[in-house]
Amino acid sequence: MGRAWGLLVGLLGVVWLLRLGHGEERRPETAAQRCFCQVSGYLDDCTCDVETIDKFNNYRLFPRLQKLLESDYFRYYKVNLKKPCPFWNDINQCGRRDCAVKPCHSDEVPDGIKSASYKYSEEANRIEECEQAERLGAVDESLSEETQKAVLQWTKHDDSSDSFCEIDDIQSPDAEYVDLLLNPERYTGYKGPDAWRIWSVIYEENCFKPQTIQRPLASGRGKSKENTFYNWLEGLCVEKRAFYRLISGLHASINVHLSARYLLQDTWLEKKWGHNVTEFQQRFDGILTEGEGPRRLRNLYFLYLIELRALSKVLPFFERPDFQLFTGNKVQDAENKALLLEILHEIKSFPLHFDENSFFAGDKNEAHKLKEDFRLHFRNISRIMDCVGCFKCRLWGKLQTQGLGTALKILFSEKLIANMPESGPSYEFQLTRQEIVSLFNAFGRISTSVRELENFRHLLQNVH
């Protein structure tokens, strides 16, 4: 036995020396390399690279953004989680504890936020809200003519066909305030056929894809023809290609969060949440996902650039003296607006912004139709969020789709923003409080995803 073992070791040594002599000795590939080897350099359809985004986000933006999102104005979000699914009836509700959402008690939400979720100032919040949609024109006669006109214009705009999302009726008895800090986005155990169906309907019916083209790794479809799919994708116009990449990037961002805040330990004493590298590998490893994982991560960076560009464009709206992050606490409101403007000016200084002028730049009639298709497809995706069986997943799905929809609304409203008056009501361009809260929280999710990728790079360095 000893002689045989010695012979085996000797043979292995000879093989190693031969490989070394031929220059073939290589260190084993790490999991970090398999997940991130393609997540570098310049992004498709952009002039920006991954490394610039990492440095800007992780060291200049992320810490300040997290501080802003912890403030009262941004942590409370009103949402209706009881809306029925408009597409199918057989929703299997997740019964796990971690799928549940704990709404706020009435006395937990600042009065300034509860009084009117779409108004920005103390003066505007004195306006009595109408009890029913049919009575929105019945404005308090004690208000000035200018204010009455502003309220009617806001309502008209908020109900207009320019919206990229199906907006919840926040006056509905089923709409409740949720503290986002107490209901964080993390792994809930919601998976399987129901979760697959949500994403399948989003990709198959809302991303401009014909049924004859099969998505890579599509559930239940057998082995995909990857080259066929990407040849089709590259043949699309830039707008439709961008649409797919935005949805893929959002999907990737959600999966990063589920891997970064995974339930590692669940006992009667405590729950321990943290990074699950195995879960991350299953979702993004280049070998395990047949090359799809790294592509999805690149799409996450593309999504980051789109929302970053929208925030840079909307700066004039927030700079107006009349705008406040109104909660009723004057000192805190002033500090939060100062921090908000500091963040937006930092974003404005980003050197490699996405150029949205390439969107809808052709024939006017064709561009108008394409923009409308773009809007309707995204609006439909926002409706699909009401079909998610996990309430916590539904909460964050609705918030993030509304946030991305708001970003798209901003990008396609550049002229309206440029023509806003420096003071007084803005009739042409308006953002509700719901849109503002979802916009910044959605970008906060993507910013956190980019930050978490750095953590996973380090954690996977020594994993093979």
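Glycine is treated like the rest: Cβ placed from N, Cα and C.
Site annotation (Swiss-Prot): FAD is bound by ARG186, THR188, SER248, HIS251, ARG283, ARG296, and the candidate from TRP199, TRP268 recorded at this site is TRP199. Noted from Swiss-Prot: CYS85 is disulfide-bonded to CYS387, selected from CYS387, CYS390, CYS393. Counted within 10 Å of its Cβ, the other Cβ atoms near CYS393 (disulfide bond) come to 22, all protein chains included. Rounded to a whole number, the distance between the Cα atoms of ARG283 (FAD binding site) and CYS37 (disulfide bond) is 15 Å. Cα distances from CYS104 (disulfide bond) to the binding-site residues ARG186, SER248, HIS251 are smallest for ARG186. Note on CYS37 (disulfide bond): other Cβ atoms within 10 Å of its Cβ, all shown chains, come to 12.
When the binding-site residues ARG186, HIS251, ARG283 are screened for a C-alpha within 10 angstroms of the C-alpha of ASN276 (N-linked glycosylation site), no residue qualifies. Among the recorded positions SER106, ASN276, ASN380, the residue whose Cβ has the fewest other Cβ atoms within 10 Å is SER106. When the CA atoms are compared, no recorded positions among the candidates CYS48, CYS85, CYS99, CYS207, ASN380, CYS393 lie within 10 A of ARG283 (FAD binding site).
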